[in-house]
């Protein structure tokens, strides 16, 4: 189809000129010719220097070694500072240390918010206080957490030393000790490597977790005797007594916890048993009411049949009233013979069957309501039916045995049967027929 295009369009489809060939700048890899083939390094070994003339290798420091070196240098530097400060430290020439050293009490671990008046109020119970000196930082002016209390009498200081240790002040338990800087020879404070604490001796395997006056291991490195050596046994006994007291408290708390758990489980079981007992009693009451209702229904139906039979047998008199369905026995028939449409006829049986079916399908609430209504009707009928019964008995005959049941209908007959039982029995009581007392 392109050959039919005009020349101006055919010019658009014309091919371009070929790319001009230029010779390569370098030879191709397969065209290169090496003067020498590949070889080993054996010819060049003689050019290497002798290993015996080489300088020894320099060993670099690892990270662990560098940290250990810095720690060691820090310890050495601190030891030099401690030695320098120890030469200048003299507690006897301290301007802040005034008063009698044997009447002065050292109080540590004090809350930073505790004031001097609070300390005085807490420690005046052991005796009159002469002076209280709280230590503050020289740089920031904040409290350091310890103080010195000077008593007027040495016996008061001994009493506070014995009883005030571990006392809680502002939420913190303080540590109480005597002033050892001026009383113990060669004593050094904590910042200069001394003190009673053992929490800065070294690593975790050397340090103790809790420092205090009751630590017996702190006396191992003490150069001089204690100013109160007879108090050591008392401190040991007090410490053991406190430990035993803490153990007894823990054991008592564990027993209380177990007792609470047992009481809680017992209450839960008792509550469950009571709930199950209530459910069982409800079920038993419901079954008992159902059985009683069935027995009363059966007894009532039996009494109805017997009354109908008795009324049909005595219907030979002229005063017999027609029943609700109008099926009274004929006057000229025999006294004990029932008519074709008597009380036991198919219509009466059908009505009894329908009535029993309807009553059996009633709920418990409807049955209770019917019984209450029947009881009320029976009560009203008993109040106003005395004269009527006497009139009927006075004008009775063969139909006097009917007692007006045929004219009352089904509801009236039911009420009457509940009040009078057949064959010399009274009305049923709790599902049982009661025999009438002989006259």
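Any Cβ shown, glycine's included, is placed from N, Cα and C.
The number of other CB atoms found within 10 A of the CB of residue 2 (N-acetylthreonine), across every protein chain shown, is 7. If you look up Swiss-Prot, you'll see 2 marked as N-acetylthreonine, on the strength of similarity to another entry.
Summarising the annotation, Swiss-Prot assigns compositional bias 'Basic and acidic residues' to 60-79 (among others).
Residues annotated as region 'Required for interaction with U1 RNA' in Swiss-Prot, with similarity to another entry given as evidence: 92-202.
Model confidence over the domain 'RRM' (103-181) is summarised by a mean pLDDT of 92. If you look up Swiss-Prot, you'll see 103-181 marked as domain 'RRM'.
Residues or ranges marked as N6-acetyllysine in Swiss-Prot (evidence: similarity to another entry): 118. When Cβ atoms from all protein chains are considered, those within 10 Å of residue 118 (N6-acetyllysine) total 14, not counting its own.
Residues annotated as compositional bias 'Gly residues' in Swiss-Prot: 192-201 (among others).
Here Swiss-Prot flags 207-254 (among others) as compositional bias 'Basic and acidic residues'.
Swiss-Prot lists 226 (among others) with the feature phosphoserine, giving similarity to another entry as the kind of evidence.
Annotation source Swiss-Prot lists compositional bias 'Basic residues' at 255-268.
Residues annotated as phosphoserine in Swiss-Prot, with similarity to another entry given as evidence: 268 (among others). Sequence-distant contacts of residue 268 (phosphoserine), defined as residues of its own chain at least six apart whose C-beta falls under 8 angstroms from its C-beta, are absent. DSSP assigns residue 268 (phosphoserine) to a helix in the three-state reduction.
Residues or ranges marked as compositional bias 'Basic and acidic residues' by Swiss-Prot: 269-286 (among others).
Feature annotation from Swiss-Prot assigns compositional bias 'Basic and acidic residues' to 294-310 (among others). Secondary structure by DSSP for the compositional bias 'Basic and acidic residues' (294-310): 17 helix, 0 strand, 0 coil.
For 323 (among others), the entry in Swiss-Prot reads phosphoserine, with the evidence type similarity to another entry.
If you look up Swiss-Prot, you'll see 346-394 (among others) marked as compositional bias 'Basic and acidic residues'.
The compositional bias 'Gly residues' annotation in Swiss-Prot covers 395-410 (among others).
For the pair residue 2 (N-acetylthreonine) and residue 118 (N6-acetyllysine), the C-alpha distance works out to 116 angstrom.
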